[in-house]
Amino acid sequence: MVDTKNPGDKTLSVSPSKTLTLKPRVEQGTVRQSFSHGRTKQVVVEKRGKRRIGGEGGPADAPTAAAAAPAPAPAPVPSAAPRPAAPPPPSRPQQSRSQSPSRSGSGVVLRTLTEDERSARATALADARVRDEEERRAAEAEVARRNSAEGIAQAEREAAEARRKAEEERHRHEEEAKRKAELEAKRRFGEEEAKRPAAAATPAKSATPAARPTGAPAVRAPGVAAEAGDDDEGPRQVRRGPGGAARPVIPPKQPAAKPAPSKQRGRLTLVTALTADDVRERSIASFRRRTQRLKGHASNEPKEKLVREVIVPEAITIQELANRMSERAVDVIRMLMKQGAMHKINDVIDADTAQLIAEELGHTVKRVAASDVEEGLFDVVDNSTDTEPRSPVVTVMGHVDHGKTSLLDALRHANVVSGEAGGITQHIGAYQVTSPESGKKITFIDTPGHAAFTAMRARGAKVTDIVILVVAADDGVMPQTVEAINHAKAAGVPIIVAINKIDKPDAKPERVRTELLQYNVQVESLGGDTVDVEVSAKNKTNLDKLLEMIALQAELLDLKTNEQRPAEGTVIEAKLDRGRGPVATVLVQRGTLKVGDIIVAGAEMGRVRALISDQGDTVESAGPSVPVEVLGFNGPPEAGDRLAVVENEARARQVTSYRAHQKREKAASLTGGMRGSLEQMMSQLKTVGRKEFPLIIKADVQGSLEAILGSLEKLGTEEVAARILHAGVGGISESDVTLAEGFNAVILGFSVRANKEAAAAAKRNGIEIRYYNIIYDLVDDIKKAMSGLLAPTLRETMLGNALILEIFNISKVGKVAGCRVTDGTVERGANVRLIRDNVVVHEGKLSTLKRFKDEVKEVQSGQECGMAFENYTDMRAGDVIECYRVETIQRSL
């Protein structure tokens, strides 16, 4: 229900958005309600007339008039709070008046509602209930949302409160320290300055009792909550008795608190000013402001420009350049913008631009290259007075099965050949042998003789002092023998020829000496300067003479080095051991390698955890020409990498990061170089149809892995090639099986095995894992598998020719050619060509071959027959039918 414009109209009206109400006959008025702090609000109130009989109006109005009479106003007090107004009496709700109209002063009786009005009222009440239910649900959802938000906000507030308390505690400690410092300074200032404020405070104390009564009011109004002598902090509590008279509640007296120190008191009030024992001192905030002012004046003074020497590499970021110059990066970017270049703070600029910026800002520039991090690692010249003789390093080289390892076993009194798979050497090994005559040690390096291990032989020749060329007396000079000669000459080391297997009946040492002349190796017996010794590793013949020749050659070389310097060496072999981690076989060439040294080899670094000799013993250090196994690398280095000891880990990280970057760039240039050239595009078009054989290779050492990759690379052709998805050192893991599953690849394990999880995953996913111990078997199997991907060769074999004499139309068969075989034979089911005027018009197969209405398999030359083609009928007299057979021949690599 809504009220109409006419206040006297009592008719009912229904609004669809409001509930049904009855408009009462009331009179309205306004009352101004007062609040604390001087705030007021105008409130609309309802005036109700009360029916009075006779002269009862006089006595009824008496209490109201008495209550409305204002109390005498007290004298104005500055510190008293404003008197709050009494709240208006609660008004009765309109619903009670509507429900009981007979009690109103007007005495009006409502009429009975009609059916339409009752229906409208019921509809309005139903709508109101639905709306109330929706509002209740919305309110509950809002409360739930606020509760969750309040929980998060509460946690944030608690964290902020903890930070604030910690900050306040820190400030409190700082202020306490400053306060103590100021007290100490005042104490030193002198006692006279402290007496003067005390004398000035004495008359103020005597005047305090007389000043207090003047500030108190003479008469206090009821309900006023101020107390004489108090601050404007809040009103006093007022208690009213049963008669309505207000009486103040007197709070219990508190014990007088001790006066706080002058440094800790707050605002200056009248009471504190009159009762203070000394003059007010300077506050901590004032002292802090003065200090900040002095600092501000000092900062406004012009500062002297600091000139720095800036090290500028080949490429540097703007942020790094600004840090090295102690300048703001914004200033550097602004200078680049003046030159017309837009850059961000993390952009990389070249050395020339960086030098220009640094010089413009007044700094000096020192240009360095990225490779300068490797300066001082190798080839440091030693003082000749600090050098001492060292043992020679001898590399045994030669063709496969010429007895290199057997000769070394005879010298070492060991049996290495039996430990190698297939009785052939597939790893490079380093050993030390003590000469029985001189007692001096000789370091031997055994290299494989297979064609696949060319890189191993090259590494052995680089780190050696003397090369022993082993040639079998019954076999002579072979391809790998020639390769070993070339490696030795490239390294510039002397050669000692060991003619082995002289115990065999067909041994011909003179033939070996003569064949060596073709490769510029002239032995002493033929007038040259190359030493040759006839030995037998099986019978241990002339081994002492061979050791004597090695010692003599070492004396001629005068091998010396400094043992008291950081170690340098070469990684002979590297592998990933399951129990020990990355293990590298290192030949120390200069200095002494100790446990705990920080080492760098290639792109890997580490700290030496243990050193193991060739005999399997753990040692604390390794001197020059000593081969050891080094444990402690972060990852297995590559065979052939040079090892160096650095002073700290920071230098090691710089070197390894530079080398890793160079390695990535080299790999990127090999794979993505010349992509835009025409030749590269043409080669890519040719290799689009090339089939790939995906492989994952895991080997025991880096050298074997390198040899396998080189051999597989040579197997590739224009039609098929091996695609190496991953190649690494160590056992076959589950991640290798997962990678093979994605590309349907074959996993090859060379002298390694798969762990239990990897084997189970391979069996579950159908991934083939092949294990090998001999490199030749691995290469042969991959060669056969890749040959299966080659398209077979198709070869045609001519059978014979036939001439068509006449064409016959036969029902249910179609056209049949009557032919005479001119040469050879014609077979049913063979491939045929239809030639007309020396032009091939059709190629297909014979569907029918008859002779005198009988199906035959073949027809000989000179005989007549009937022929029909499959799905072809356009045959004419005079055409020639050529019959041939296609043979499929499997290809191989």
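Positions of Cβ are set from backbone N, Cα and C atoms, glycine also.
When Swiss-Prot is compared with the stretches 446-449, 622-625, 670-673, the one noted as region 'G3' is 446-449.
Region 'G4' is the annotation Swiss-Prot gives to one range among 412-415, 500-503, 612-615, 616-619, and that range is 500-503. Looking at the stretches 398-405, 558-565, 822-829, the one that Swiss-Prot records under the feature region 'G1' is 398-405. With DSSP states grouped into helix (H, G, I), strand (E, B) and coil, the compositional bias 'Basic and acidic residues' (128-148) comes out at 21 helix, 0 strand, 0 coil. The average pLDDT computed for the region 'G4' (500-503) is 90. Close to I502 (GTP binding site) in the fold, though at least 6 residues off in sequence, lie A473, P509, E534, V535, S536, T541, each with a CB less than 8 Å from its CB. Within 10 Å of the C-beta atom of T447 (GTP binding site) sit 30 other C-beta atoms, taking all shown protein chains into account.
D401 (GTP binding site): 17 other CB atoms within 10 A of its CB, across all protein chains. Counting Cβ atoms from all protein chains shown, G398 (GTP binding site) has 28 others lying within 10 Å of its own Cβ. When DSSP labels each residue, the region 'G4' (500-503) comes out as 0 helix, 1 strand, 3 coil, counted as helix, strand and coil in that order.
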